[in-house]
(Lines of atoms letter the chains of each structure in order from A and count residues from 1; the text may use other names and numbers.)
(Lines give C-alpha, C1' and ligand atoms only; values in the text may rest on other atoms or scores of the structure.)
Protein backbone atom coordinates (compact mmCIF):
# COMPACT_ATOMS: atom_id res chain seq x y z
CA UNK A 1 0.00 0.00 0.00
CA UNK A 2 2.82 2.42 0.85
CA UNK A 3 4.47 1.97 -2.55
CA UNK A 4 1.14 2.68 -4.25
CA UNK A 5 0.68 5.90 -2.28
CA UNK A 6 4.23 6.99 -3.07
CA UNK A 7 3.77 6.29 -6.78
CA UNK A 8 0.49 8.21 -6.83
CA UNK A 9 2.27 11.18 -5.27
CA UNK A 10 5.13 10.72 -7.74
CA UNK A 11 2.63 10.80 -10.62
CA UNK A 12 1.28 14.15 -9.48
CA UNK A 13 4.79 15.55 -8.99
CA UNK A 14 5.88 14.25 -12.38
CA UNK A 15 2.93 15.92 -14.04
CA UNK A 16 3.59 19.10 -12.07
CA UNK A 17 7.03 19.67 -13.59
CA UNK A 18 6.52 22.94 -15.57
CA UNK A 19 8.86 22.25 -18.46
CA UNK A 20 7.68 25.24 -20.48
CA UNK A 21 8.19 27.64 -17.60
CA UNK A 22 11.62 26.29 -16.70
CA UNK A 23 12.88 26.10 -20.29
CA UNK A 24 11.77 29.68 -20.82
CA UNK A 25 13.50 30.94 -17.70
CA UNK A 26 16.71 28.91 -18.02
CA UNK A 27 17.40 29.09 -21.76
CA UNK A 28 15.55 32.21 -22.91
CA UNK A 29 15.40 34.35 -19.76
CA UNK A 30 11.65 34.68 -20.30
CA UNK A 31 8.76 33.90 -17.99
CA UNK A 32 5.98 32.51 -20.17
CA UNK A 33 3.42 33.89 -17.75
CA UNK A 34 4.40 37.36 -18.98
CA UNK A 35 4.00 36.66 -22.70
CA UNK A 36 1.25 35.67 -25.10
CA UNK A 37 -1.56 33.79 -23.39
CA UNK A 38 0.48 33.52 -20.20
CA UNK A 39 0.17 29.75 -20.43
CA UNK A 40 3.19 27.49 -19.89
CA UNK A 41 2.08 24.72 -22.23
CA UNK A 42 3.11 23.71 -25.72
CA UNK A 43 1.18 26.26 -27.78
CA UNK A 44 2.38 29.36 -25.96
CA UNK A 45 5.91 27.95 -25.90
CA UNK A 46 5.84 27.60 -29.69
CA UNK A 47 4.64 31.17 -30.10
CA UNK A 48 7.01 32.81 -27.63
CA UNK A 49 10.13 30.63 -27.54
CA UNK A 50 10.11 29.12 -31.02
CA UNK A 51 9.78 25.77 -32.73
CA UNK A 52 12.63 23.92 -31.01
CA UNK A 53 11.47 24.88 -27.52
CA UNK A 54 7.87 24.12 -28.46
CA UNK A 55 8.73 20.64 -29.70
CA UNK A 56 10.79 19.96 -26.57
CA UNK A 57 7.97 21.05 -24.26
CA UNK A 58 5.42 19.01 -26.21
CA UNK A 59 7.54 15.87 -25.96
CA UNK A 60 8.28 16.36 -22.26
CA UNK A 61 4.63 17.09 -21.42
CA UNK A 62 3.48 14.09 -23.45
CA UNK A 63 5.98 11.80 -21.73
CA UNK A 64 4.83 12.98 -18.31
CA UNK A 65 1.44 11.42 -18.97
CA UNK A 66 2.83 8.29 -20.56
CA UNK A 67 5.42 7.63 -17.87
CA UNK A 68 2.89 8.16 -15.08
CA UNK A 69 0.53 5.69 -16.76
CA UNK A 70 3.32 3.12 -17.04
CA UNK A 71 4.48 3.41 -13.41
CA UNK A 72 2.33 0.46 -12.20
CA UNK A 73 3.86 -1.72 -14.93
CA UNK A 74 7.39 -0.57 -14.16
CA UNK A 75 7.00 -1.27 -10.43
CA UNK A 76 4.78 -4.36 -10.84
CA UNK A 77 1.83 -2.79 -9.05
CA UNK A 78 -1.52 -4.59 -9.18
CA UNK A 79 -4.91 -3.51 -7.94
CA UNK A 80 -4.77 0.13 -9.11
CA UNK A 81 -5.48 1.09 -12.70
CA UNK A 82 -2.67 2.84 -14.60
CA UNK A 83 -5.26 5.44 -15.60
CA UNK A 84 -5.44 6.74 -12.03
CA UNK A 85 -1.72 7.49 -12.13
CA UNK A 86 -2.15 9.19 -15.49
CA UNK A 87 -5.03 11.33 -14.25
CA UNK A 88 -2.92 12.51 -11.33
CA UNK A 89 -0.19 13.54 -13.77
CA UNK A 90 -2.72 15.64 -15.69
CA UNK A 91 -3.93 17.23 -12.46
CA UNK A 92 -0.31 17.99 -11.60
CA UNK A 93 0.20 19.52 -15.03
CA UNK A 94 -2.77 21.86 -14.68
CA UNK A 95 -2.30 22.62 -10.97
CA UNK A 96 1.46 22.54 -10.51
CA UNK A 97 2.84 22.79 -7.00
CA UNK A 98 6.03 24.13 -8.62
CA UNK A 99 4.17 27.02 -10.30
CA UNK A 100 1.80 28.38 -7.65
CA UNK A 101 -0.82 25.83 -8.77
CA UNK A 102 -0.92 27.20 -12.29
CA UNK A 103 -0.23 25.08 -15.34
CA UNK A 104 -0.95 24.12 -18.91
CA UNK A 105 -4.17 23.19 -20.64
CA UNK A 106 -3.66 19.44 -20.31
CA UNK A 107 -3.71 18.49 -23.99
CA UNK A 108 -0.20 17.04 -24.40
CA UNK A 109 -0.17 15.33 -21.00
CA UNK A 110 -3.65 13.87 -21.56
CA UNK A 111 -2.45 12.58 -24.93
CA UNK A 112 0.44 10.94 -23.11
CA UNK A 113 -1.96 9.18 -20.76
CA UNK A 114 -3.99 7.83 -23.67
CA UNK A 115 -0.78 6.81 -25.46
CA UNK A 116 0.26 4.76 -22.44
CA UNK A 117 -3.08 2.96 -22.23
CA UNK A 118 -4.63 2.87 -25.72
CA UNK A 119 -2.32 4.02 -28.56
CA UNK A 120 -4.90 3.35 -31.30
CA UNK A 121 -7.46 5.52 -29.53
CA UNK A 122 -4.86 8.30 -29.45
CA UNK A 123 -4.25 7.80 -33.18
CA UNK A 124 -7.97 8.28 -33.81
CA UNK A 125 -7.91 11.52 -31.78
CA UNK A 126 -4.78 12.69 -33.58
CA UNK A 127 -6.53 12.34 -36.94
CA UNK A 128 -9.43 14.44 -35.65
CA UNK A 129 -7.03 17.03 -34.22
CA UNK A 130 -5.04 17.40 -37.45
CA UNK A 131 -8.18 17.57 -39.61
CA UNK A 132 -9.75 20.34 -37.50
CA UNK A 133 -6.43 22.17 -37.30
CA UNK A 134 -6.11 22.18 -41.10
CA UNK A 135 -9.70 23.34 -41.59
CA UNK A 136 -9.78 26.08 -38.95
CA UNK A 137 -6.12 26.90 -38.16
CA UNK A 138 -6.73 26.93 -34.40
CA UNK A 139 -4.96 24.63 -31.94
CA UNK A 140 -7.48 25.51 -29.24
CA UNK A 141 -10.48 24.47 -31.34
CA UNK A 142 -8.68 21.32 -32.48
CA UNK A 143 -8.03 20.38 -28.85
CA UNK A 144 -11.63 20.94 -27.76
CA UNK A 145 -13.08 19.07 -30.75
CA UNK A 146 -10.69 16.16 -30.15
CA UNK A 147 -11.85 16.08 -26.51
CA UNK A 148 -15.48 15.92 -27.64
CA UNK A 149 -14.69 13.16 -30.13
CA UNK A 150 -12.95 11.26 -27.33
CA UNK A 151 -16.28 11.24 -25.48
CA UNK A 152 -18.09 10.09 -28.60
CA UNK A 153 -15.48 7.39 -29.16
CA UNK A 154 -15.87 5.79 -25.74
CA UNK A 155 -19.64 5.71 -26.24
CA UNK A 156 -19.75 4.40 -29.81
CA UNK A 157 -16.65 2.31 -30.56
CA UNK A 158 -17.23 -0.56 -28.08
CA UNK A 159 -20.61 -1.26 -29.72
CA UNK A 160 -18.84 -2.02 -33.01
CA UNK A 161 -15.63 -3.48 -31.59
CA UNK A 162 -13.72 -0.71 -33.37
CA UNK A 163 -10.50 0.50 -31.65
CA UNK A 164 -12.11 -0.16 -28.25
CA UNK A 165 -13.13 -3.80 -28.30
CA UNK A 166 -15.11 -3.68 -25.06
CA UNK A 167 -16.70 -1.14 -22.77
CA UNK A 168 -14.29 -0.13 -19.99
CA UNK A 169 -16.05 1.86 -17.28
CA UNK A 170 -12.89 3.27 -15.68
CA UNK A 171 -11.38 4.21 -19.04
CA UNK A 172 -14.63 5.98 -19.90
CA UNK A 173 -14.62 7.86 -16.60
CA UNK A 174 -10.99 8.94 -17.02
CA UNK A 175 -11.55 10.03 -20.63
CA UNK A 176 -14.61 11.98 -19.50
CA UNK A 177 -12.55 13.67 -16.76
CA UNK A 178 -9.70 14.51 -19.15
CA UNK A 179 -12.12 15.90 -21.74
CA UNK A 180 -13.83 18.11 -19.15
CA UNK A 181 -10.45 19.39 -17.92
CA UNK A 182 -9.35 20.22 -21.47
CA UNK A 183 -12.60 21.98 -22.37
CA UNK A 184 -12.64 23.94 -19.11
CA UNK A 185 -9.02 25.01 -19.54
CA UNK A 186 -9.90 26.37 -22.99
CA UNK A 187 -12.88 28.48 -21.89
CA UNK A 188 -11.09 31.78 -22.64
CA UNK A 189 -10.11 30.44 -26.06
CA UNK A 190 -13.73 29.53 -26.77
CA UNK A 191 -14.75 33.09 -25.93
CA UNK A 192 -12.15 34.42 -28.37
CA UNK A 193 -13.37 32.01 -31.04
CA UNK A 194 -16.90 33.30 -30.51
CA UNK A 195 -15.59 36.85 -30.95
CA UNK A 196 -13.57 35.83 -34.05
CA UNK A 197 -10.24 36.88 -32.55
CA UNK A 198 -8.56 33.60 -31.58
CA UNK A 199 -4.84 33.02 -32.23
CA UNK A 200 -4.07 31.13 -35.42
CA UNK A 201 -1.34 28.86 -36.69
CA UNK A 202 0.36 30.01 -39.93
CA UNK A 203 -1.24 27.30 -42.07
CA UNK A 204 -4.61 25.78 -42.80
CA UNK A 205 -7.83 27.17 -44.26
CA UNK A 206 -9.13 29.32 -41.36
CA UNK A 207 -12.70 28.57 -42.45
CA UNK A 208 -14.18 30.46 -39.49
CA UNK A 209 -12.52 33.71 -40.57
CA UNK A 210 -10.72 34.43 -37.29
CA UNK A 211 -8.71 37.64 -37.10
CA UNK A 212 -6.09 37.79 -34.36
CA UNK A 213 -6.03 40.92 -32.20
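Every residue, even glycine, has its Cβ placed from backbone N, Cα and C.
It should be emphasised that the depicted structure is a prediction, and the values quoted were computed from it without experimental measurement.
As given in Swiss-Prot:
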| type | residues | note |
| --- | --- | --- |
| TRANSMEM | 3-23 | transmembrane segment |
| TRANSMEM | 48-68 | transmembrane segment |
| TRANSMEM | 71-91 | transmembrane segment |
| TRANSMEM | 119-139 | transmembrane segment |
| TRANSMEM | 144-164 | transmembrane segment |
| TRANSMEM | 165-185 | transmembrane segment |
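Of the ranges 3-23, 48-68, 71-91, 119-139, the one with the most Cβ pairs under 8 Å to the transmembrane segment (165-185) is 71-91. Only residues 6 or more beyond the boundaries of the transmembrane segment (3-23), in the same chain, are considered here, and those with a CB under 8 A from a CB of the stretch are 31-33, 39-42, 44-45, 49, 53, 56-57, 60-61, 64-65, 67-68, 71-72, 75, 77, 79-80, 84-86, 88-93, 95-99, 103-104, 109. Counting residues 6+ beyond its ends, the transmembrane segment (48-68) has Cβ neighbours under 8 Å at 10-11, 14-15, 17, 19-20, 23-24, 27-28, 30, 32, 35-36, 41-42, 85-86, 88-90, 92-93, 104, 108-116 in the same chain. Sequence-distant neighbours of the transmembrane segment (119-139) (same chain, 6+ residues past either end, Cβ-Cβ under 8 Å): 43, 111, 145-146, 149-150, 153, 157, 163-164, 189, 193, 198-201, 203-208, 210.
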